[in-house]
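Report on the structure given below.
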Amino acid sequence: MDKAAYLLPLLLTVFSASSVFGGHDYGQALTKSILFFEAQRSGHLPSNQRVKWRSHSGLRDGKASGVDLVGGYYDAGDNVKFGLPMAFTITMMSWSIVEYGKQLARSGELSHAMDAVKWGTDYLIKAHPQPNVLYGEVGDGNTDHYCWQRPEDMTTDRRAYKIDPSNPGSDLAGETAAAMAAASIVFRHSNPSYSSELLSHARQLFEFADKYRGKYDSSITVAQKYYRSVSGYQDELLWAAAWMFHATNDDYYVDYLGENGDAMGGTGWSMTEFGWDVKYAGVQVLAAKFLMQGKGGRHSPVFQRYQGKAESFMCSLLGKGNRNVQKTPGGLIFKQRWNNLQFVTSASFLATVYSDYLASAGDDLSCPAGDVSSAQLLSLAQSQVDYILGDNPRATSYMVGYGNNYPQQVHHRGSSIVSIKVDPTFVSCRGGYATWYSKKSSDPNLLTGATVGGPDAYDNFADERDNYEQTEPATYNNAPLVGILARLNSGSNGYNQILPVTPATPVTKPAHVPKRKETPTLAPIAVSQKITFSWVHQGRTYYRYSTILANKSGKTVKDLKLSVSKLYGPLWGLTKSGESYSFPEWIKSLPAGKSMEFVYIHTTSPATISVATYTLA
């Protein structure tokens with residue numbers, strides 16, 4: 001490396017503090033992390049394909065079953081298309097965009113991230129040809145692992161496996177519904193017809209998952225050795241319901257979350273992991289977001305229990321809980337020796353978004369070992385990313401192509417065999433092992449952006465192709481990382497993550513900020529409002545209003561019903577009942593001389609609040 005090239009990262013550190021922290025160029029890592037998905041593409045590659053050493057593959061997938069299953073992603077270093085981890089990848093990539101689309105746009109990577117999602121959802125649409133039929137795998141791990149071939153040369157069995165009412169798979173159908181619902185949010189404004197199509201598939205898949213219950217690996221048994229559903233399907237049903245609610249605001253799904261949270265374990269399990277199999281922590285974080293947005297309604301007490309478990313997860317990551325995650329001597333979260341980094345990136349993503357939720361709500365995290373600020377939670381996520389990018393005892397970057405010292409012998413068929421465009425000579429099933437797998441040299445093709453399995457519990461790592469536990473990458477390692485890198489690359493600029501994506505009704509900001517507004521009400525209850533905070537987000541000024549209800553009578557107020565109109569944002573501290581609002585679940589009455597507070601956020605003058613009915617006791 002010449003001197004100028006060596007000095008460039010240092011200059012960036014000095015002059016681009018908003019995008020580079022801790023000595024790492026998060027923008028560069030973000031670009032590379034998305035590029036990896038293009039190396040994992042199956043099917044007929046598009047003209048704008050940027051990973052040039054790859055070519056078309058799997059062009060007859062599904063044909064024997066009478067269905068078009070061309071496309072999608074290879075999950076890791078093999079050539080099988082596994083439906084469960086692929087759908088989870090799409091859900092997490094979509095979540096990254098839902099939370100940090102603005103930051104991705106600023107970095108110039110939003111279109112690439114959306115392309116990565118669409119490559120997956122185009123395939124998932126094909127895999128769902130009927131309401132109660134979903135193809136969940138193409139190829140099988142046993143025959144595939146017998147061979148070492150680049151995907152362009154595949155001679156392995158490409159049989160397609162499906163679930164249906166006679167052979168159910170609620171976990172697979174639920175995760176696919178979640179992926180479709182999350183992606184529908186991504187495309188809502190740029191491609192509304194496609195978004196609507198995704199949401200239609202998501203609704204059908206959720207109904208299929210819920211009505212015909214069963215574990216998918218009992219129906220697609222060839223998946224058991226590779227992606228066994230150990231957690232069962234109840235977490236996926238809740239996860240799907242959460243994403244359906246996020247995408248639709250349909251009360252059916254919030255009722256599903258509220259009525260099944262206890263029975264299905266969503267409010268009961270205190271988790272220390274999150275990934276393609278176990279979704280509980282993700283459900284809990286989403287439910288906490290809904291609660292902070294004031295969307296819990298009559299289910300707010302249940303959602304508070306979800307939030308309690310979400311915060312237990314965060315405390316465990318920070319080492320301040322009752323049951324903490326294991327960490328290596330170098331500080332890396334450690335769950336298992338096989339592809340441990342999948343758990344690191346997924347957990348760090350949850351910590352990142354929850355940190356922003358807390359900051360948006362002005363809250364801290366209360367842990368058994370002490371209170372934690374939102375900034376400390378984000379710092380935890382950043383420390384894990386920095387470890388992956390090279391701040392570790394081995395000074396090794398576990399993202400291929402990032403930094404000066406990264407894995408050279410990745411356990412990946414495509415990158416380890418010379419490109420078909422360079423040497424079109426056919427690579428046979430077993431010949432690939434003899435010629436390419438056993439080579440002790442660097443990969444001929446750089447698998448840019450791939451996050452490999454990572455080090456062991458003692459920070460040790462062996463860069464060897466046959467060390468699949470440590471050197472194999474996976475799409476679901478990278479998908480959560482996209483969101484975290486976008487967030488870190490944006491710097492410390494404040495923004496509100498729990499605001500609705502768009503106001504319910506077009507509004508204009510007030511000409512002036514009133515100190516207090518007294519609303520005429522039915523005596524003896526006085527209503528006063530004031531602005532307690534304001535901020536600018538995407539060119540709009542948002543106001544947080546505090547509203548005080550004071551009982552001026554000498555009796556206790558019960559059965560209170562409030563009318564709230566001209567409200568264009570979330571409201572906290574009341575329960576919505578039809579068109580009116582009443583006391584929250586935890587308040588049954590308002591004694592004489594006492595007062596209570598609720599708050600709401602929107603971009604215009606105070607809402608109109610009046611007392612509809614009440615009784616005095």
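The backbone N, Cα and C atoms fix where each Cβ goes, glycine too.
Note: TrEMBL annotation is automatic and uncurated.
Summarising the annotation, TrEMBL assigns signal peptide to 1-22. Summarising the annotation, TrEMBL assigns active site to HIS411, ASP463, GLU472. Under the heading domain 'Carbohydrate binding', TrEMBL lists 525-605.
A map of TrEMBL features onto the structure.
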residue : record      : Cβ neighbours (10 Å)
HIS411  : active site : 24
ASP463  : active site : 17
GLU472  : active site : 22
Inset, instruction - Using C-alpha atoms only, work out the spacing between ASP463 (active site) and HIS411 (active site) and round it to an integer in Å. - result: 9
Inset, instruction - Give the residue counts of the domain 'Carbohydrate binding' (525-605) per reduced DSSP state, in the order helix, strand, coil. - result: 0 helix, 52 strand, 29 coil
Inset, instruction - Give me the mean pLDDT over the domain 'Carbohydrate binding' (525-605), rounded to a whole number. - result: 82
Inset, instruction - Would you kindly give the Cα-Cα distance separating HIS411 (active site) and GLU472 (active site), rounded to the nearest Å? - result: 5
